[in-house]
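**Q** Starting off with a structure, shown below.
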Amino acid sequence: MASQENPASRRLQSVKHIIIVLSGKGGVGKSSVSTQLALNLYASSPTSKVGILDVDLTGPSIPRMLGVDGHSVHQSSDGWVPVFADGSEARLACMSVGFLLKNKGDSVVWRGPKKNGMIRQFLGDVRWGELDYLVIDTPPGTSDEHLSLIEHLAPVQSKLSAIIVTTPQAVALTDAMKCLSFTQAVNLPVLGLIENMSGYVCPCCGEVSNVFSTGGGEAMAQREQLTFLGSLPVDTELVTLLDAATAPSEVPPGSLPEEGPRSNFTLLRRYKATSSAKLFEGILQKALASLNCS
Ligand SMILES: Nc1ncnc2c1ncn2[C@@H]1O[C@H](COP(=O)(O)OP(=O)(O)OP(=O)(O)O)[C@@H](O)[C@H]1O
Ligand code: SF4
């Protein structure tokens, strides 16, 4: 498709970088890494503008993790207005199929062409505006959604890069290798690999227990000449925070945070206090260094 015919090329012309987060296997923490990436990029400068697009059509979890579950997107004369997870500051734009479902528990059972149409709309019909970074959270594996993304993003190929998330277990690493071959097949530069759930830090004494094996991600990165961005241990504070992020409509009256009607800056502040946030700062620095070299 010629670039001028592709609606995504118009919508994304003011987006500087597009980072696609991939994992070979489900449940390894891709959505939580995407959320942390977006929060860290957002917090990296008082003016940075970040978007996060949840392309995990059958299991959208970004709205819940960002505390905007239950919000709906507005259709304007110039396309969909994303939900701003930071409220009136409007520097953290979020779009997900989760905002389009009538009920939270509704499942999306779509065939390839319908998924493809949805992704085309997410890229071509959303008013993303000027963004420094657009983070795209994808479903596990390499499926219809990934192929659609790459097809629709072809006109902005030079802005694209990927991060691969794995856990240390052999089965996850095997699937991460499949992800890597996908990136090679579609010519997508990889900023690096993150090993998530790498050990468990005891909240009482800080002792690290290697519940699963550990170090497999780093070894894979070395073998495949990828940048190893870092490890994130199992963090009970993180899971409590991201799994319980509350939609403002569900906050009991009188319990809103003092700084305004939105709970998300509370989310950012609470996230920044976790041990994962400190580790993620190092991951972000390495990812940005890779981005500047690519
Ligand atoms: N480092 C971590 N420590 C503790 N819990 C984590 C960590 N990473 C992810 N989790 C939790 O594990 C669960 C699965 O994570 P997440 O939804 O991010 O995985 P996913 O790879 O996106 O899954 P899928 O793509 O299959 O939906 C979530 O409850 C999340 O909060
Ligand atoms: S690591 Fe030590 S303090 Fe932590 S749970 Fe185990 S025994 Fe208790």
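From the backbone N, Cα and C atoms, a Cβ is placed for every residue, glycine too.
Copied straight from TrEMBL:
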BINDING   G24, K25, G26, G27, V28, G29, K30, S31  ATP binding site
BINDING   C202, C205  [4Fe-4S] cluster binding site
**Q** Among the binding-site residues G24, K25, C202, which have a Cβ atom lying under 6 Å from any atom of ligand 1?
**A** none
**Q** What three-state secondary structure does DSSP assign to C202 ([4Fe-4S] cluster binding site)?
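**A** Assignment for C202 ([4Fe-4S] cluster binding site) reads coil.
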**Q** Where G27 (ATP binding site) and C202 ([4Fe-4S] cluster binding site) are concerned, what is their Cα separation in Å, rounded?
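**A** Between the alpha carbons of G27 (ATP binding site) and C202 ([4Fe-4S] cluster binding site) there are 21 Å.
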**Q** Give me the Cα-Cα distance between C205 ([4Fe-4S] cluster binding site) and G26 (ATP binding site), rounded to a whole Å.
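**A** Just about 30 Å between their Cα atoms.
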**Q** Which one is closest to C202 ([4Fe-4S] cluster binding site) in space, judged by CA to CA distance, out of the binding-site residues G26, V28, K30?
**A** V28
**Q** What residues, ordered by sequence, lie under 8 A Cβ-to-Cβ from G29 (ATP binding site) and sit at least six positions away in the same chain?
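**A** In sequence order, S23, V165, T167, N196, M197, L232 meet the Cβ cut-off.
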**Q** Neighbourhood of the ATP site (G24, K25, G26, G27, V28, G29, K30, S31): other residues with Cβ within 8 Å of the Cβ centroid, in order?
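**A** Near the ATP site, the remaining chain residues are S23, P140, V165, T167, A172, N196.
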**Q** Among the binding-site residues G27, G29, S31, C202, C205, which have a Cβ atom lying under 6 Å from any atom of ligand 2?
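**A** C202, C205, by Cβ distance under 6 Å.
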**Q** Taking the Cβ of K25 (ATP binding site) as the centre, how many other Cβ atoms fall within a 10 Å radius?
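**A** Other Cβ atoms within 10 Å of K25 (ATP binding site): 20.
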**Q** Name the residues of the same chain, 6+ apart in sequence, whose Cβ is under 8 Å from the Cβ of K30 (ATP binding site)?
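**A** Residues satisfying the criterion: V21, L22, S23, D137, T138, P140, V165.
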**Q** Please state whether DSSP places K30 (ATP binding site) in a helix, a strand or coil.
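**A** DSSP assigns K30 (ATP binding site) to helix.
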